[in-house]
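Feature annotation from Swiss-Prot assigns transmembrane segment to 3-23, 43-63, 85-105, 109-129, 178-198, 203-223, 238-258, 269-289.
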Amino acid sequence: MEIALALKAVILGIVEGLTEFLPISSTGHLILAGQLLDFNDEKGKIFEIVIQFGAILAVCWEFRRRIANVLSGLTTDPKAQRFAINVIVATVPAIVLALVFGKWIKAHLFNPITVALAFIIGGVVILLAERRDARRGMVTNPRGNALLQAAKAGAPRIESVDDLNWRDALKVGLAQCFALVPGTSRSGATIIGGMLFGLSRQVATEFSFFLAIPVIFGATVYELYKARALLSVDDLGIFGIGFVFAFLSAFLCVRWLLRFVATHDFKPFAWYRIAFGIIVLATAYSGLIAWHA
């Protein structure tokens with residue numbers, strides 16, 4: 001195995017792991033990184049599927065006890081049944097739209113310019129959502145009775161994943177549909193969508209993680225099946241490297257994000273998205289980087 005190829009696998013694996021669950025779009029970053037590293041051919045696309053699978057397994061491992069409890073209680077525990085129904089309801093809209101428009105989206109929207117514009121628009125939406133929450137009184141450690149009442153009045157109505165009903169799940173699922181546009185971010189769409197629909201930042205983040213499991217796992221199986229003719233034993237080494245680094249970086253990222261959202265908002269990610277999108281557009285139109293359409 002070439003050292004240069006192995007290094008590309010390491011870089012892309014880390015990029016996938018760090019961006020899959022942050023509201024900054026893993027697909028957008030992989031499209032851009034793949035072009036910069038000249039690793040965006042058909043094998044490169046299969047590689048992306050493999051490292052996405054590594055990232056989603058990291059979430060499964062982090063929430064393994066919760067997943068085991070839900071699976072074991074599907075026939076006896078109403079809470080587990082409701083949770084499973086919510087995940088299914090939230091997953092269906094994106095699957096339906098992907099099956100109908102998936103080919104068109106990949107043919108027309110998977111390019112750096114679309115990604116850059118989605119980065120910027122998504123960043124603005126995050127800022128507006130955070131500003132809305134601040135105006136509603138979702139403040140940290142309010143001081144004084146007046147501020148305390150304001151915080152209570154504007155506080156999220158859902159403070160636990162177990163309190164979600166199917167209508168809440170459907171709203172988050174509809175928000176997830178926006179993530180079909182590369183650069184939008186699946187986690188960003190579900191987290192910000194959840195917050196706008198009354199979920200606390202922590203609940204929206206946790207539910208977003210659980211939604212990623214059926215969505216990414218299903219997409220992985222489907223895409224690998226379609227590309228089965230291109231799979232080769234010779235690629236196991238490079239795929240394995242990317243898989244491992246995606247798993248490890250995603251695992252660390254998920255743990256960090258769960259702690260981060262307990263005391264911070266998403267404004268830093270919004271400004272990052274806007275700045276990164278502007279840089280991509282500037283390099284494209286200046287000719288500094290020859291992004292491919």
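Glycine too: its Cβ is placed from the backbone N, Cα and C atoms.
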Going through 43-63, 85-105, 109-129, 238-258 one by one, which has the most CB pairs that fall under 8 Å from the transmembrane segment (178-198)?
109-129
For the transmembrane segment (3-23), sequence-distant contacts whose Cβ falls under 8 Å of one of its Cβ atoms, 6 or more beyond its ends:
29-30, 33-34, 37, 39, 47-48, 51-52, 54-56, 58-59, 122, 126, 185, 187-188, 191-192, 208-209, 212, 216, 237-239, 241-254, 257, 266, 269, 273
Intrachain neighbours beyond the transmembrane segment (238-258), with Cβ under 8 angstroms and 6 or more residues off its ends:
1, 5-6, 9-10, 12-14, 16-18, 20-22, 46-47, 50-59, 61-62, 202, 205-206, 209
When each of 43-63, 203-223, 269-289 is checked against the transmembrane segment (85-105) for Cβ pairs under 8 Å, which one has the most?
203-223
With a Cβ cut-off under 8 Å, give me the same-chain residues at least six positions beyond the ends of the transmembrane segment (43-63) that come close to it.
9, 12-13, 16-17, 20-21, 26, 30, 34, 209-210, 212-213, 216-217, 219-220, 223-224, 227, 230-231, 235, 238-239, 242-251, 254-255
